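Have a look at the structure below, then the notes.
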Amino acid sequence: MDQYREEHDAIGTVQVPASALWGAQTQRSLNNFNISGERMPSALIHALALVKRAAASVNHDLGLLDENIARAIITAADEVLAGEHAGEFPLVVWQTGSGTQTNMNMNEVLANRASEILGGTRGKGRKVHPNDHVNKGQSSNDVFPTAMHIAAVEAIRNRLIPALEALRKTLSSKSAAFSDIVKIGRTHLQDATPLTLGQEFSGYVSQLDHGLAHLESALPHLLELALGGTAVGTGLNTHPEFARRVAAEIARLSGYPFITAANKFEALAAHDALVHAHGVLKTLAAILIKIANDVRWLASGPRCGIGEILIPENEPGSSIMPGKVNPTQSEAVVMLACQVMGNDVAINLGGAMGNFELNTMKPLIIHNFLQSTRLLADGAESFNTHCAAGITANTVRIKQHLQESLMLVTALNPHIGYDKAAEIAKKAHHEMLTLKEAAIRLGYVTAEQFDVWVDPQKMTEV
């Protein structure tokens, strides 16, 4: 059997591996863009297959595509959606900025596979054409941004939101469990007035609640699809009903309420929806850094750090220091969140690079967007399972810090004034006295008054 076969495109003949389902344009891209090896995300490939399936169905319903050809394309697309033929999509991210080569990769694979389904031979005697049939009424310029939005919505809905909700649930349960544990607060990394450990954790829960709400608010723009705009947004060479119908079919297939974009010129030339949505991902990264950093600081020690919470001992922490346990889940979350922030810069630049009727940074934008959603989802899930769920309070250390804190003196402000309270704190600090001892020696309060006025539990009441 020959190792290669000849495939043809508008430029000429190309040698393609005999076993491959792809065709000439995919092979040209492989030959011309051997850059880094980072392939198009599988989520985008899945979304493209969904687009082609929907388009074939709608074009048939509109009387524009033969029933047998439409059925064959739909069957081939269903195979891709089921995870088959994954090796037939080898193109890298760093290619044409419109994603044309990946669109044609999908067109060629589905055309060759559909031809086989109709009894043809792979790459020969083509019964289904990649452009005339699979890409009918479409352009890479409207197909690729449509797939970008589908992939983004599915990544957010299917992976990111559930992972964040699970972490939020765990932190909420910890907040409730720690509601009666009074501890010292910290501002500017210095001792402050008390709060409960539950109140501290409630802040993390509220951050995630707001982050999830921001995610929801970013979805409506992502639910608008460019398909039907074709080359520049005018809808040239497509049926007047195609855009509306294909959006409805994509909504039916995906289970998400996609609609056709009201203005296709914006949908092709700009990616503001993804820039905005990734701004939310950046915010979520900041939220996770805040939570992860607090956890590792609160767990620092065991003898010489803050040590007010205990985290699970998942693995040895050092190759040289025996018995060391490091906050590895927090470190992983901080790293991945920093990567998301870097991705945000790339997406902002990519989103700004729309020239006239087309943005030509599409692969960059969706590659980074999907990496960010995956990192945040995986990171939240890992942190939840291997760290947050196992957090416990070190009540002995918490009580020690509370008793030693000079900031409890704040409770005396309403009774003796700020200046005298500050004098008590300074005397206690410099002479190594307790606050109570310093207050009595200065003659500002009696022992009985101090015990009534300086009550850490009452100081935490909102």
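The count begins at 1 with the first shown residue.
Using the three backbone atoms N, Cα and C, a Cβ is placed for every residue, glycine included.
If you look up Swiss-Prot, you'll see 98-100, Arg126, 129-132, 139-141, Thr187, Ser319, 324-326 marked as substrate binding site, on the strength of sequence analysis. Look at Swiss-Prot and you will find 120-141 tagged as region 'Disordered'. Annotated active site, proton donor/acceptor per Swiss-Prot: His188, in sequence order. Look at Swiss-Prot and you will find Ser318 tagged as active site, backed by sequence analysis. Positions annotated as site 'Important for catalytic activity' by Swiss-Prot: Glu331.
Under the three-state DSSP scheme, Glu331 (site 'Important for catalytic activity') falls in the helix class. Counted over every protein chain shown, other Cβ atoms within 10 Å are most numerous around Ser98 among the binding-site residues Ser98, Ser319. Sparsest Cβ environment among the recorded positions Ser139, Asn141, Ser318 (other Cβ atoms counted within 10 Å): Ser318.
For the binding-site residues Thr100, Asn131, the largest tally of other C-beta atoms within 10 A is found at Thr100.
Helix, strand and coil counts under DSSP for the region 'Disordered' (120-141) come to 7 helix, 2 strand, 13 coil. A straight line from the CA of Asn131 (substrate binding site) to the CA of His188 (active site, proton donor/acceptor) spans 62 Å.
Between the alpha carbons (Cα) of Ser319 (substrate binding site) and the residue listed as 'active site, proton donor/acceptor' lies a span of roughly 33 Å.
Of all the Cβ atoms in the protein chains shown, 6 others lie within 10 Å of the Cβ of His188 (active site, proton donor/acceptor). Nearest Cα neighbour of Ser139 (substrate binding site) among the listed recorded positions (His188, Ser318, Glu331): Glu331. Taking a C-beta cut-off of under 8 Å and a sequence gap of six or more, Glu331 (site 'Important for catalytic activity') has these contacts in its own chain: Ala292, Arg296. Looking at Thr100 (substrate binding site) and Ser318 (active site), their Cα atoms lie 49 Å from each other.
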